[in-house]
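According to TrEMBL, the protein has these features:
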- 52: ATP binding site (BINDING)
- 25-296: domain 'Protein kinase' (DOMAIN)
């Protein structure tokens, strides 16, 4: 979409001034603009409002019907009850264009303050964003352009509001609708490529509720990525202004969080899962409930482990390359186990952890974490189950994890009890899988610490809550 010219902006400002005067408002400054509309601030007797005014040509011609349909969908949201979604007040078609009045927030957009957002604010802010997403889903709507620039955030970093419903549409499978501008012969792209999922950007899937959910999960993951990294996703490619470079990054480049240790592992893992290229795997790994369950308090667990005599390592093991294509199953499993081992040592212990695997079976590993101040230890059994129908490298598999609190002199035994199925890995991105396994290990370790703190005699299987 071409950028708006100064002449067009001046004309929209003139139209907005006329509209404001007719409503008894005093027009203020311009708040922002895009390719199809501009937003101005206006002073009213009851406080300031934001007024969005469209370029007239977007409401006529071939795409005019679709644009008007999207505006009508926005009109239906007037008076909604979601505090984290921008509130619309009034919609009017006049002067051959459209004016939309919205609540005004004297806040900056998230893209401008990423560097300033406190780490402990990330989780609650993401929870508010998910509230807006789930509200739209309850109305069978999809935003389609969730990104930091479309999120306003309070100066205290405790509240956010999702704005710009300009490309909202119904989450339907019907391609032959008046508002259908995504599919068909022309298939123009609507949204922001930098924050769009590969299947949406390249139109590899037909419209469906699953497609729209997968897109939203990806875009939410993009926001979480930026909060963690404190810079935009695919920033280098976007700065070039080359849309093909951005598209290639969306298709092939996987964001990573190497070296970022001040954000909980659960949030980093969640972001990676949201940004998985395959929409089916993305939907299997992510649901909105993952944003409503507090992340494991790693620092709190570290303190509690320290009280039991386990000291967190201050040295970081040398990073190894975690993504290689066409790895054999043996290499995938061993690399996965080594990565989990490193994560446990890095987050919880320096020396009191050992590999207790009893044979050369490369498909499983047993790690024992000792509690020096007690006669107890925690065993973690991790196994990769490759489907027998798949030969050679690659393919899908399952990972299971078990944990047990044992006497430090006992032999590892894992014959009974519940097994937690973690995910379905592949051979090209086992860093994601290692972090998922570690997330389960960390939660099992929380349970072990709770039992030890209660002073109970222990030789028990550890289980996560149902």
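Just so you know, the numbers here start at 1 and follow the chain as drawn.
Placed from the backbone N, Cα and C atoms, the Cβ positions cover glycine too.
Curation plays no part in TrEMBL annotations; they are all automatic predictions.
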At a 10 Å cut-off from the C-beta of residue 52 (ATP binding site), count the other C-beta atoms across all protein chains.
28
Can you tell me the mean pLDDT for the domain 'Protein kinase' (25-296)?
91
Reading the DSSP string in three states, the entry for residue 52 (ATP binding site) is strand
